[in-house]
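*Asks:* Let me give you the structure first, and then I'll get to my questions.
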Amino acid sequence: MKQAIGFIDSGVGGLTVVREVLKQLPHEQVYYLGDTARCPYGPRDKEEVAQFTWEMTNFLVDRGIKMLVIACNTATAAALYDIREKLDIPVIGVIQPGSRAALKATRNNKIGVLGTLGTVESMAYPTALKGLNRRVEVDSLACPKFVSVVESGEYKSAIAKKVVAESLLPLKSTKIDTVILGCTHYPLLKPIIENFMGDGVAVINSGEETASEVSALLDYHNLLDATDDEIEHRFFTTGSTQIFKDIAKDWLNMPDMTVEHIKLGK
């Protein structure tokens with residue numbers, strides 16, 4: 001019987017990481033929990049985000065996952081090190097992989113970071129980037145409207161184009177040549193963001209680099225699954241199963257997926 005990789009996020013954003021993992025590791029089984037009812041996490045204080053992150057973690061650990069991916073930048077910034085220290089399974093977040101990918105891409109060491117208010121205020125990306133390259137200059141920009149655009153399924157709409165243009169205008173006058181999508185919801189807006197920023201700016205989806213790290217860590221711990229046993233992905237949400245399913249089946253190309261509704265907290 002397969003053991004699943006667990007993924008947690010404040011909503012549907014972490015599906016962008018799941019997609020990259022399943023591209024690289026098609027034999028793996030996924031358990032995903034999106035806390036859509038309490039999304040967004042960005043405006044919440046760190047202690048509350050950490051509490052919510054632990055609630056999601058415990059839910060999936062109780063279901064026997066072999067590894068945990070905190071597929072949410074705000075949750076990674078608030079709780080990664082505490083969870084990693086206390087669990088006896090491998091745990092990774094999305095900030096370090098995204099930082100490494102950006103440093104590979106930049107030519108002038110000027111990097112922009114788009115994130116939620118919580119991620120930007122945590123200084124997690126500048127800390128990670130400067131820890132890897134002291135010469136790098138970082139411009140961080142909170143884009144609080146992006147998550148609601150994605151969660152409402154409007155990420156391909158004219159509304160999305162307007163919100164992106166208004167939000168990213170401050171970055172146009174900078175000399176950045178690389179932008180990190182510092183929230184796992186944002187890759188669903190990547191085509192619009194790339195179009196607005198122009199050809200000279202590389203837009204980094206940390207999901208790809210995170211997937212590579214998942215693969216390496218599973219291999220290191222001898223947890224990779226290469227068997228042809230039946231795969232039973234499970235998707236859980238605290239919010240609307242229909243809205244979650246509409247976005248997830250499109251993004252993951254899983255038309256027959258089932259989404260289960262759960263409750264967390266009090």
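One-based numbering along the chain as shown.
Note that Cβ sites are derived from N, Cα and C of the backbone, with glycine treated the same way.
These came from Swiss-Prot, pasted as-is:
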ACT_SITE  C72  active site, proton donor/acceptor
ACT_SITE  C183  active site, proton donor/acceptor
BINDING   D9, S10, Y41, G42, N73, T74, T184, H185  substrate binding site
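Help me picture where these features are in the structure shown.
*Replies:* Under a cutoff of 8 A between CB atoms, and with a sequence separation of 6+ in the same chain, the neighbours of C72 (active site, proton donor/acceptor) are I8, D9, S10, G13, G14, Y41, T53, V94, C183, T184.
C183 (active site, proton donor/acceptor): 33 other CB atoms within 10 A of its CB, across all protein chains. In the three-state DSSP assignment, the secondary structure recorded for C183 (active site, proton donor/acceptor) is coil.
In the three-state DSSP scheme, Y41 (substrate binding site) is classed as coil.
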*Asks:* On a count of neighbouring CB atoms within 10 A, which of the binding-site residues S10, N73, T74, T184 is highest?
*Replies:* N73
*Asks:* Around the substrate site formed by D9, S10, Y41, G42, N73, T74, T184, H185, list the extra residues of the same chain whose Cβ is within 8 Å of the site's Cβ centroid.
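*Replies:* Everything else in range on the chain: G11, G13, G14, C39, P40, C72, A75, T116, T119, V147, C183.
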